[in-house]
Ligand SMILES: C[S@@+](CC[C@H](N)C(=O)[O-])C[C@H]1O[C@@H](n2cnc3c(N)ncnc32)[C@H](O)[C@@H]1O
């Protein structure tokens with residue numbers, strides 16, 4: 001029943017061909033519903049394993065600063081480190097991201113221009129806004145955002161990625177102002193950095209704790225700011241296309257790039273963002289046309305999807 005409700009709400013926020021800004025209150029009824037039973041991303045307290053130490057007392061846990069848990073998954077980072085030199089090879093392992101880029105930028109331009117009241121037809125619609133691109137890799141997304149006028153900070157946990165990103169950005173005066181840092185979202189939170197928009201594209205499926213990661217994304221966002229997250233649905237169709245076809249048959253990506261069990265369904269993403277004070281306003285799917293070799297936005301969120309949300313005002 002509850003998942004039916006969520007599915008119908010998701011249908012309302014998917015974005016086929018027209019812009020559709022939905023009522024920001026529409027997912028509030030989801031609060032406190034416990035309809036997802038297996039939650040690898042859960043931030044709910046877990047029972048202690050058998051034979052584990054007794055829970056710490058108050059005295060054990062002093063000082064009282066809340067420890068932000070690390071989003072780093074070393075096995076995932078090693079995969080990206082191994083292919084870091086290929087970020088800007090348009091025919092290399094990151095070809096799918098290069099080919100998808102215009103489509104994801106179309107979503108970002110339209111949702112964020114509406115959010116910030118900017119003209120989507122202007123050459124630099126994001127002038128005056130501070131964006132952070134979390135898990136920026138070689139800067140495939142950071143660079144066009146900077147060209148659209150945003151003041152961009154790109155962060156990645158892999159140093160080689162940041163070095164490549166910096167080298168590439170320095171080639172063009174339109175991108176050389178990007179601030180690239182080898183760091184994590186949680187470390188930026190500790191430094192009390194804030195941004196008008198926080199973007200994390202194709203990253204959440206590679207982090208250790210998605211729910212904690214979303215809390216860090218939220219903490220980096222100014223009150224009333226915007227968030228854009230894209231990832232892959234944990235559906236059978238995604239297993240067949242994003243893993244079997246893309247990795248094993250077409251060799252678009254190195255085998256083992258994606259772990260199906262690390263994917264989140266759109267319902268799960270909406271929920272963990274909601275728990276992190278981010279309300280998803282709009283969602284779209286990306287679909288690939290094998291005849292044209294191009295991606296386009298669609299209301300089919302069964303494989304690749306992107307979500308735009310707003311940080312709740314404090
Ligand atoms: C699939 S790539 C996406 C790159 C870029 N966002 C894009 O879409 O063009 C994932 C990136 O996230 C980075 N990454 C993974 N876990 C991370 C974490 N916990 N903190 C920061 N970066 C992370 C990886 O090093 C890698 O560069």
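Residue 1 is the first one shown; counting continues down the chain.
Including glycine, each Cβ sits where the backbone N, Cα and C put it.
These features come from TrEMBL:
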- 104, 135, 156, 201: S-adenosyl-L-methionine binding site (BINDING)
- 202, 205, 206: Mg(2+) binding site (BINDING)
- 45-57: compositional bias 'Pro residues' (COMPBIAS)
- 38-68: region 'Disordered' (REGION)
Residue 202 (Mg(2+) binding site) versus binding-site residues 104, 135, 156 - nearest by Cα: 135
When distances run from the Cα of residue 206 (Mg(2+) binding site) to each of the binding-site residues 104, 135, 156, the nearest one: 135
Same-chain residues at least 6 apart in sequence whose Cβ lies under 8 Å from residue 135 (S-adenosyl-L-methionine binding site): 155, 156, 157, 200, 201, 202, 203, 206, 207
Residue pair residue 104 (S-adenosyl-L-methionine binding site), residue 205 (Mg(2+) binding site) - Cα distance, angstrom, rounded: 17
Residue 206 (Mg(2+) binding site) - helix vs strand vs coil (DSSP): helix
Cβ neighbour count within 10 Å of residue 156 (S-adenosyl-L-methionine binding site): 28
Of 156, 201, 202, 205, 206, binding-site residues neighbouring ligand 1, Cβ under 6 A: 156, 201, 202, 206
C-beta crowding around residue 202 (Mg(2+) binding site), within 10 angstroms: 22
